[in-house]
Amino acid sequence: MVKHQPLQVYERQLCLSCITGIYGCRWKRYQRSHDDTTKWELLWSLVLLFTFCLLLVWFYFWWEARNDYNEFNWFLYNRSREWSDGTVPILATTAAGFTYIAFLMVLALCHIALGQQLNLHWLHKIGVTAALLTTIVGVIYINETWRQEWDVIPISLQATGPFLHIGALAAVTALSWIVAGQVARTEKTILQVVVVLLYLSVLLGLYVVPLYIASPCIMDTATLKPRPDVIGHQGAPMLAPENTLRSFQRALHMNVTGLEADVAISVDGVPFLMHDLSLQRTTDVAEVFPDRQMDDASHFNWTDLQQLNAGKWFLKDDPFWTVNSLPPKEKDLIANQSVCSLEQLLKLASYHNSTVVFRLRRPPQEHPCYHSWINDTLQAVQQSGIPQSLVMWTPDEYRAQVRQLAPGLIQTSLKKQSPQSLQQYGISRLLLRYNQTTTQEIRNYSQSNINLSLYTVNEPWLYSVLWCSGVSSVSSEAPDILSKVPHPIWLMRPDEYCLMWVSADLISFAVVIGIFIFQKYRMTGMRSYNPEQIMLSAAVRRSSRDLNVMKEKLIFSGQPQ
C-alpha cells in the first residue's frame, strides 16, 4: 500500500513572471514574495516616483517650448559660434528617459496591485539615478541660461489646464483600484488610515483644482475680439533666410499685416537688416572676408555688404527643417539672396501697404555714425517714399526730436510701461515678449487704446490664448502656420466648463466608492478559503482544459504489508 501526500498544482502565471522578472530580475516562483517591501526598497520606490514626476514636468516643458526652439538654438550659437539644432539631442534623451521611467512606474504599480514585494534590480537603480541626475543638471542649465522660458509653463496651462485636469483626475481615479486593494490587504489599521487619507487628500485636491485654473479661453464667445494681426518676424524665416527680401516676400504671400526686422548701420551710414552682431552665421563672410568674419557687422560699408551672400547658409544649416519641402526654383532664389537694406524693405512694404516695425541697433561708440544713427535712419525712411503712418518707430533715444521731424510715425515702445506713462509720452503702441504681460494687463492696454503686439508667437495654442486675451497683433516666425488658425483652438463658456468640472468630479467619486466596496468584498471572500484549496479547486474546474501543471512535492512513503 502506498501513501501519498497532498499534491500541490498551480497554473503558470506568465504575466506575473514577466512583471517581476523585468522589474527585479525575479523570474522564478520561489524568488517572488508577498512579504512587505523593505524600507530600503521603499526608499527606491520614492526615488522612482520623484524621478517620474520631475521628468514629466521636464518633458512637458520641452513640449510646450517648441514655440521658442529657434531662440534656444540662437543662444547656443552665441556660446559655441556654430549653428546646430540643440533641441534634437535634448528631446531624444528626454523622450527616452521619460519612456523608461514611466515603464518602471507601471511595473511598480503592477507589483502593488498583485501584492508582490517591490525589489528594483540594481541595473534599474543605476538607470533611475542617471535619469534623475541628468534631468537635474538640465533644469539647472536652463535656469541659468534660459530662465525666462520657464514662464511658458503657466502660460501653456491656460491652454491645456482644463484638459490636463481631466486626465489627472482619470489617472488618480484609476489608481483607486490599487489603493483599495492595498488597504483591503493590509492588516494594520494605522497603515490603512494613512493610505486612505493620503489618497483622499490627492483626490480632493484634484476636485477643487479648477477653482485655480484661469484661462482666457473660458469666456462668453460673444465677447471674443477680432483675430489678432500677424506681423512677419524677420519675414518668414521658416521658408526663406531671415531678414532677406525673399523672406519678406514669402511673409506677404501669407497675408501678414506687418513686417518686423532688425536694423544695423554700416560705416558709410546705410541702415541694413541684420539680427546678429556679426555676419558669420547668416552670410558667407568667412569666404569673402576671412580676416574680418568676427568683426561687428556695422564695421562693414555697404559696398562690402553687397558682395556677401545671405541665402546659402539657410540651405546648408536648414534651421527649421524645411529646406527639403521647398521646390528647386525656390531654392535657387534663396541661394542668390544678398544683404537687404532698410530702404529696400520699406519700398516693398509701401507697395503692399504693409506696416513695418524695426529694432534699430546703435553702432559702437567708435563708429562714424554713432551720433548720426537716428538721422541716418530717418533719411532712409524718407527716401523710401513709404507713408509715415506705416512705420512703427521703436528707439527711445531722441523720440521728441523724431516726432518733430516725422510726426506721422507710429511711436512704439519696446519697454513695458503703464498705459498712463505711454500716453504721457505720446506712445500708441507697445511691443513686448509674450511672457512679459498678463491677461489683465492686456485688457488694461486695450481699454486705454494702446495697441499691444507680442513676440515671438509660432504655435497655434499660444496664438489662441493671446487671441482670447484680446491682443491686437502678434509677431511670428511662422506666419504660414498661424494663417491656418481661423479661430481659437477651443472656446468654452463658464457654465459649460463648470458642468464639465462637476460632472467629472461626481463620476470620479462614484467610481472610487464603487471600487473600494468591490475590493473590500473581493478580499474578504478570498480570506475565507485556504490557498491550497483555491488552487486545487481551480485545477478541478479546468480539468477539461489543457493545463500545464507542475509537481512541487510528491513523496512516497510506507512499506508493503
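Yeah, the Cβs are placed from backbone N, Cα and C, and that goes for glycine too.
These come from TrEMBL:
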DOMAIN    228-486  domain 'GP-PDE'
TRANSMEM  42-63  transmembrane segment
TRANSMEM  90-114  transmembrane segment
TRANSMEM  126-143  transmembrane segment
TRANSMEM  163-183  transmembrane segment
TRANSMEM  190-213  transmembrane segment
TRANSMEM  499-518  transmembrane segment
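Sequence-distant contacts of the transmembrane segment (499-518) (same chain, six or more residues past either end, CB-CB distance under 8 Å): 162, 165-166, 169-170, 172-173, 176-177, 180, 183, 203, 207, 210, 492. For the transmembrane segment (163-183), the residues of the chain that approach it from at least six positions outside its boundaries are 109, 112-113, 115, 157, 192, 195-196, 199, 202-203, 206-207, 209-210, 213, 500-501, 504-505, 508, 511-512, 515-516, 518-520, 523, judged by C-beta separation under 8 angstroms. Outside the transmembrane segment (126-143), and at least 6 residues removed from its termini, the chain residues within Cβ reach (under 8 Å) are 44, 47-48, 50-51, 54-55, 58, 90, 93, 97, 100-101, 104, 120, 149-150. Residues of the same chain lying 6 or more positions beyond the ends of the transmembrane segment (42-63) and with a Cβ under 8 Å from any Cβ of it are 87, 90-91, 94-95, 97-98, 101-102, 104-105, 108, 118, 120, 125, 128-129, 131-132, 135-136, 138-139, 149-150, 152-153, 156.
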